[in-house]
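Right, one structure below, let's go through it.
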Amino acid sequence: MTQEPKIQNIDPSMKSSAGDSLKGTVQVPGDKSISHRSLMLSSLAVGESRVRGLLEGEDVLATAEAMRQMGADINRSENGEWRIHGVGVGGLKEPADVIDMGNSGTSTRLILGLLSSHELTATMTGDGSLRGRPMKRVITPMEQMGARFMTRRDGRLPLAVTGTSTAQPLSYESPVASAQVKSCVLLAGLNTRGVTTLKESVATRDHTERMLSAMGADLMVSDHEDGSRTVSITGPVTLSPIDLDVPGDISSAAFLLVAASIIPESDVTLKNVGMNPLRTGIIFALKHMGADITLLNEQILGGEPVADIRVKAARLKGVTDLPVHPSTMIDEFPVLFCAASVASGTSRFTGLEELRVKESDRIAVMAQGLKACGVSFTELEDGIEIVGNNGKVKGGGHIDSHLDHRIAMSFSILGQMAQEAITIDDASPINTSFPGFKNLMQGLGASLD
Ligand SMILES: O=C(O)C1=C[C@@H](OP(=O)(O)O)[C@@H](O)[C@H](O)C1
Ligand SMILES: C=C(OP(=O)(O)O)C(=O)O
């Protein structure tokens, strides 16, 4: 009689309970946005690129695999350095199989820009979260450049795209403030003869512009008085290889900035964190709430500003007038909501409609979790108003994280302050952006099982 294989049930949940203060010096993993772009752009360069400190999270590994499927030679050496031999702009080959982008919106939207301007047909899918996210925002400009799409209802994944090597240059005004839309159009412009222009109503993270310029692209960036930005690229472009050290991800650092601020007597230093001025909103927001944050060793590394950040526990107060545009801290709102829950006074966050179309509806899912943890709030169409509980939170909630890494990490931080432990249903999505999160937190003194 043959024995049936045993199915091992590995419990993906995580329990977060009040522990010690956080103390120590750590390095958070590499910046996700820069890591994606380094793999995509060096796959299009002529010659060998070298990248150190690449984020080895699932989202970035999905980008690496997609670029391999299109002909790039991408290898990780034993010392952790990544070596990429590009195929040259215009040289991507048709993938032989479906490209699976996992949980990653950035991979999907940026790679659609590349596929649209190459003579090939490709199919793309992703996990349950990604298949629910809007893709029309990139399909619309790509269709105007000449690509053709077949998609599920409302432009959702899975989809098929047929690109063209004779794409038409486009002048496009993006209806959403999105670095992904901007980057998609600029990447399509790489292999398009003529000037492709993207206008955004507010300047969003500019890692694509910085890296393209460093690799020799002919790029024009104009910042306007009203905060909007226009970027033009003249194609076709020949890209030189890069040699890059990826800075730590400020979006990952944010969890520690909030944790060390709200857990009494904490004192944590984060080494070498990216300080791109279009990403530092969380620092201004927390300081505005009374956080004790100091920047040290500020320098430029690989074309991006970086610094060490020291954060010590402080009494936070609520905030109703965030001093920054939401796009400068778009992924940091879930954990900022946790900070607001234990601050003194009421906080009000608005203008956050984009949060509803991330890996989950981050307003609704955070609201659900905060309710389960005894926090008082009012959900708004484009944000949330949270009544701070003055240094305490009841906790005890069972959190449904909806395949969203940032929700899982946010509640694991709140649990460190809670009177009753908080349980997160599935902590595995954390690997999309912050592999090693649990160990790093435990090393600083957090109580996570
Ligand atoms: O360009 C990027 O690397 C990203 C841009 C942002 O998305 P949007 O452009 O959709 O705002 C952000 O939320 C995402 O995590 C990464
Ligand atoms: C929104 C995020 O990523 P993406 O859009 O790449 O899935 C994120 O990391 O919070």
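Each residue, glycine too, has its Cβ placed from N, Cα and C.
Those TrEMBL annotations? Automatic predictions, nothing curated.
Keep in mind that what you see is a predicted model, and the values were worked out from it rather than measured.
What TrEMBL records for 1-19 is compositional bias 'Polar residues'.
Positions annotated as region 'Disordered' by TrEMBL: 1-30.
If you look up TrEMBL, you'll see 19-439 marked as domain 'Enolpyruvate transferase'.
The Cβ of K32 (phosphoenolpyruvate binding site) has 25 other Cβ atoms within 10 Å, all protein chains considered. The feature phosphoenolpyruvate binding site is assigned by TrEMBL to K32, G105, R133, Q180, R362, R406.
Look at TrEMBL and you will find K32, S33, R37, S178, Q180, D331, K358 tagged as 3-phosphoshikimate binding site. Sequence-distant contacts (6 or more apart, same chain, Cβ under 8 Å) of Q180 (phosphoenolpyruvate binding site) comprise G105, T106, R109, L110, R137, V138. For the recorded site, Q180 (phosphoenolpyruvate binding site), the DSSP three-state label reads helix.
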Here the binding-site residues are S33, S178, D331, K358, and the Cα closest to that of R133 (phosphoenolpyruvate binding site) is found at K358
On a C-alpha basis, identify the one among S178, D331, K358 that is nearest to K32 (phosphoenolpyruvate binding site); the candidates are the binding-site residues. D331
Entries of R133, D331, K358, R406 (binding-site residues) sitting next to ligand 2, with Cβ under 6 Å as the cut-off: D331, K358, R406
Suppose we screen the binding-site residues S33, R133, S178, Q180, D331, R406 by Cβ distance to ligand 1 with a cut-off under 6 Å; which survive, in sequence order? S33, S178, Q180, D331
Alpha-carbon distance [D331 (3-phosphoshikimate binding site); R406 (phosphoenolpyruvate binding site)] in Å: 8
Largest tally of Cβ atoms lying within 10 Å of a Cβ, found at which of the binding-site residues R37, R133, R362, R406: R406
